Structure formats: structure tokens, C-alpha cells
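Notes for the one structure printed next.
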Amino acid sequence: MNAVVLFSVLFALACGQVSSFCIPTEYMMYVDRRECAYCLTINTTICAGYCMTRDINGKLFLPKYALSQDVCTYRDFTYRTVEIPGCPHHVAPYFSYPVALSCKCGKCNTDYSDCTHEAVKTNYCTKPQTFYLGGFSG
């Protein structure tokens with residue numbers, strides 16, 4: 001009995017190390033433009049989760065590309081565009097944002113991802129909120 005339990009625990013740990021848990025995850029973002037009367041609340045999906053990484057000893061002898069670690073990033077995504085209500089006529093009221101369709105563990109691509117550890121902006125509204133209910137897409 002003990003051998004079966006031990007084997008099960010070891011097997012579960014091995015599977016957990018091999019598989020990554022990098023998946024599209026629901027995320028709520030707030031779009032707040034200084035010139036517009038309202039803050040827009042958008043429900044979208046982002047890539048979030050765990051990717052297996054290893055810290056390599058002997059970093060001095062390795063090329064720089066071998067030192068970067070995998071992050072949970074977009075495999076496939078699309079952009080959606082919404083209109084922020086209450087903007088004056090001289091202000092472009094449109095805001096585009098990515099929607100994760102599928103994710104992967106890989107190198108962070110700064111062309112379409114924020115590769116910083118923590119976001120610089122805070123995610124909250126300073127004005128009355130309105131919710132995006134769909135309809136306009138780019």
C-alpha cells in the first residue's frame with residue numbers, strides 16, 4: 001500500500017513539473033482617458049499562469065539568450081476596439097486591447113506584451129464607470 005501511495009505522489013509531482021498551467025484567464029481592465037467623461041470597464045482575457053523555469057548555474061559561460069526564462073504569453077490573440085463614451089469631438093474615443101485566444105510558455109515578446117514584473121499603472125477608475133457590453137470590434 002505504501003509503495004502505491006508513494007508512486008502516486010511522485011507521479012503527480014512529475015506531471016505537475018512537466019505540464020504548465022499557462023491559460024487564458026478572465027481579466028477586468030479600466031480605461032480612463034483624461035479628456036473623457038467616463039471610465040470604461042472591460043472584461044477580457046489575458047495569459048496568466050505558471051511556466052516551468054530553471055535557474056542555470058554557471059551563467060558566466062552561457063550566451064545571453066540561454067539566460068532568459070519562459071513566461072506565460074500569447075500563442076494566439078486578437079484585438080478588439082471599443083468606444084469610450086463621453087469624449088469631446090476633438091478626442092479620438094477609440095481604445096484597442098488584446099484578447100487572448102490561447103497561451104504558451106515562451107520568451108516574452110515586447111511587440112505585444114508587457115514584460116515587466118509589475119504594471120506601472122494602477123488598475124482603477126477615477127471617473128464614473130460604464131461597462132462595455134460588446135458591439136464594436138476592430
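Using the three backbone atoms N, Cα and C, a Cβ is placed for every residue, glycine included.
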Next on the checklist: Candidates are C72, C87, C103. Which one does Swiss-Prot pair with C36 through a disulfide bond?
Outcome noted: C87
Checklist entry - According to the record in Swiss-Prot, which candidate from C15, C22, C125 pairs with C72 in a disulphide? => result C22
Checklist entry - If you look at what Swiss-Prot says, which of C15, C39, C47, C51 makes a disulfide link with C105? => result C51
Checklist entry - So what sits near C125 (disulfide bond) in its own chain, CB-to-CB under 8 Å and at least six residues off in sequence? => result Y30, D32, C39, T41
